[in-house]
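Features as listed in Swiss-Prot:
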type	residues	note
MOD_RES	MET1	N-acetylmethionine
DOMAIN	19-66	domain 'F-box'
REGION	113-269	region 'Interaction with SMURF1'
REPEAT	141-162	repeat 'LRR 1'
REPEAT	167-188	repeat 'LRR 2'
REPEAT	194-215	repeat 'LRR 3'
REPEAT	220-241	repeat 'LRR 4'
REPEAT	246-267	repeat 'LRR 5'
Amino acid sequence: MEPPMDPSGGEQEPGAVRLLDLPWEDVLLPHVLSRVPLRQLLWLQRVSRAFRALVQLHLARLRRFDAAQVGPQIPRAALAWLLRDAEGLQELALAPCHEWLSDEDLVPVLARNPQLRSVALAGCGQLSRRALGALAEGCPRLQRLSLAHCDWVDGLALRGLADRCPALEELDLTACRQLKDEAIVYLAQRRGAGLRNLSLAVNANVGDTAVQELARNCPELQHLDLTGCLRVGSDGIRTLAEYCPALRSLRVRHCHHVAEPSLSRLRKRGVDIDVEPPLHQALVLLQDMVGFAPFVNLQV
């Protein structure tokens, strides 16, 4: 009589304990599959029907999904299979899907996962205002959102987000080039009290009006990125220094209208600023020119 086959297709040794004989709920799911990268799960589910069922049960219980764990490029079918049963996600990162991710791909996932607290959609240029509306409407606990390089994000989309996301703390709007001062002012007035981390980098239409309103409405703001915001000047920075006592870091590189006197008050408070003071810049330049930094006596 031939020995029985195990689920993987091999022969089962008499008295042998197979992996799938271990308790799924108490052992395999919390202590084994939780440590297997998503890419390997795609291979594992092909071994047998039993392994496929185990992997599907694990995926249905995911709390965090980062598409980067699958690879730099993930096919649409693979994403749909990985997320089809997930109903308890708290973190979702889909940047590797940026070339093809559409509203039709994303909206059903959002609808099944109302507990989402962190969503990263950087570079997902095929989405539209509909997806952001579904996120704002269906995920009231949302705290962190990245929309960097999403050109479709406009003032109306941001207003909907500000109206429906009371828990929002971190927002990345880098290179959302349709946004203007009016949209940022509305965001500050509606959600400024809870904002701690905000990036408006590379938004040429954002200026002092937006920065001053953020300063007056965001007392807990800790990190602000204004890199490349060409319309931001010293007036906005002075208002930040006056109204944002919790500020820890400020990015103003390529903000050519921001002068050192407006930054000095923040430097004295220990705020990390990515632009060096003029004296340091001069010493670095001199070092580059002559090969060493001479001793400079600053005493008069």
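Cβ atoms here come from the backbone N, Cα and C positions, even for glycine.
Long-range contacts of the repeat 'LRR 5' (246-267) within the same chain, counting only residues at least 6 positions beyond its ends with a Cβ under 8 Å from a Cβ of the stretch, are 196, 201, 219-235, 237-238, 240, 273-275, 277-278. In terms of DSSP secondary structure, the repeat 'LRR 5' (246-267) contains 8 helix, 4 strand, 10 coil. Look at the repeat 'LRR 2' (167-188): DSSP puts its residues at 8 helix, 3 strand, 11 coil.
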